[in-house]
Amino acid sequence: MDDTGTSGSIYFEAGVILLLILINGFFSLAEMSLVASRKVRLRQDAERGVKGAATALRLLREPDRLFSTVQIGITLVGILTGAYGGAALAEHLSAVLARVDVLRPYSGPLGFGLVILLITYFTLILGELVPKRMAFGNPEACARRTAPVMALLLRLALPLVHLLSASSRAASRLLRLPEGGDRAVTEEDIRGLIGEGAASGVVEHAERDMLERIFRLGDRRAGSLMTHRSQVEWLDLDMPDAENMQRIAQSSHSCFPVARGDIAAATGVLKARDFLAARLVTPDIPVDGFIRQPLYIPETARALTLLDLFRHSEGLPFALVVDEYGEVQGVVTPNDVLEAVVGELPDEGGDPDPAAVRREDGSWLLDGLLPFDEMCSLAGLGAAEDPDDRPGSYETLAGFMLHRLGRMPAMGDALRWRGHRFEIVDMDGRRIDRVLVSPDPERADDVGDDAP
């Protein structure tokens, strides 16, 4: 009879402790799921009328009250579990251990220690780890299911919560800790989500690359988007019309800057289609009557400003990029801005010489006029945000090479930077035409000196 009563008492006490551990697990699940939930997802669920989503959002708007309630619950459950387990189960377990002669002298401490170990083990598994894994696995769903109960507990514990919240705020002010609040979503947060999406397969790698370029677009300037004047086909009004006609006929472009003697002093733009259509009717018609007023853009203008100017421009979507002295440095079109987002596109009539070629050994053969930021992205070098790396004096790969070498370059010159070797493999007069960028396993540190 006594053994039956003792056995029933042990099961009852073990059940009470298990229940307390599960209650602890509920608080852990509720806290972690609410913390890990994305407010945007919960807001969408609330707009669709999903049960519990609106309640979860209300709880997240009162973090002090929410976390105070959770801490009250977890602390209270922990105290009850320890006290009840130590006082009840330890006594029964010590009696069982005392039946063994060798253990009889130590049955009290052993029984108490074993009870503490068992309670700690099950508390960690059922009260912490498993609930938190569930919360991280599907935080919004868990938050929706636990939010109604937490809202009820928050109202019941309101007086104590107010006391704890006031005390914690007073302690924070005493310690001069910053006030908490909703943290604004940063660009790095969005980049991190995109990276996670690409790693899990939700976001295609091509989509990720395009989104990365969109983030960089706001920092790009007209000087890094333009086609430099040395690469521009233009019409010289000091030349005979027949020679200009030959240039137009041999070119695949539809618009041409117009100047006298030097493109740096370009004063207009010619739309080839209009001019050629008029020549079919009047073969001797001069070029001058078809020259349009160009859109002038400073080379420091940001890409987004450039887009806005193109949208509101009443003329051709073709701009001349000028420097601080008023000289034309190059031309830029909406297609250049598009390439900054989607990557290089073939020119009208095809481009037999692409700006970036990936070789079988993993190296890159790059055009010297390739924008520096794009080069860093292609080669996996990250963004050069350090002022020592990017003083603002260059926009292209060729400018980077000139800055690092500190002298006029020659074919075969090389340097190492961020674990990569940069070698000039082709020159066009004094201009760096092609650079070979390859990983350099011998030296991973940033080096700006010449490399043999």
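Note that Cβ sites are derived from N, Cα and C of the backbone, with glycine treated the same way.
Just so you know, TrEMBL annotations are computer predictions that nobody has curated.
Noted in TrEMBL for the protein shown:
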type: DOMAIN; residues: 6-207; note: domain 'CNNM transmembrane'
type: DOMAIN; residues: 290-348; note: domain 'CBS'
type: TRANSMEM; residues: 12-34; note: transmembrane segment
type: TRANSMEM; residues: 66-90; note: transmembrane segment
type: TRANSMEM; residues: 110-130; note: transmembrane segment
type: TRANSMEM; residues: 142-164; note: transmembrane segment
Same-chain residues near the transmembrane segment (12-34), Cβ under 8 Å, at least 6 residues beyond its ends: 56, 59-60, 66-67, 70, 73-74, 77-78, 80-81, 84-85, 88-89, 92, 119, 122-123, 126-128, 130-132, 134-136, 139-140, 142-143, 146-147, 149-150
For the transmembrane segment (142-164), sequence-distant contacts whose Cβ falls under 8 Å of one of its Cβ atoms, 6 or more beyond its ends: 26, 29-30, 33-34, 37, 42, 45, 50-53, 55-56, 58-59, 62, 65-66, 68-73, 134-135
Cβ contacts under 8 Å made by the transmembrane segment (66-90) with residues that lie 6+ beyond its boundaries: 10, 13-14, 16-17, 20-21, 23-24, 27-28, 30-31, 34, 59-60, 111-112, 115-116, 119, 123, 150, 153-154, 157, 160-161, 164-165, 168
Secondary structure content of the domain 'CBS' (290-348), with strand meaning DSSP E or B: 20 helix, 16 strand, 23 coil
Same-chain residue ranges lying at least 6 outside the transmembrane segment (110-130) that approach it to Cβ under 8 Å: 17-18, 21-22, 24-25, 28, 78, 81-82, 85-86, 89-97, 103
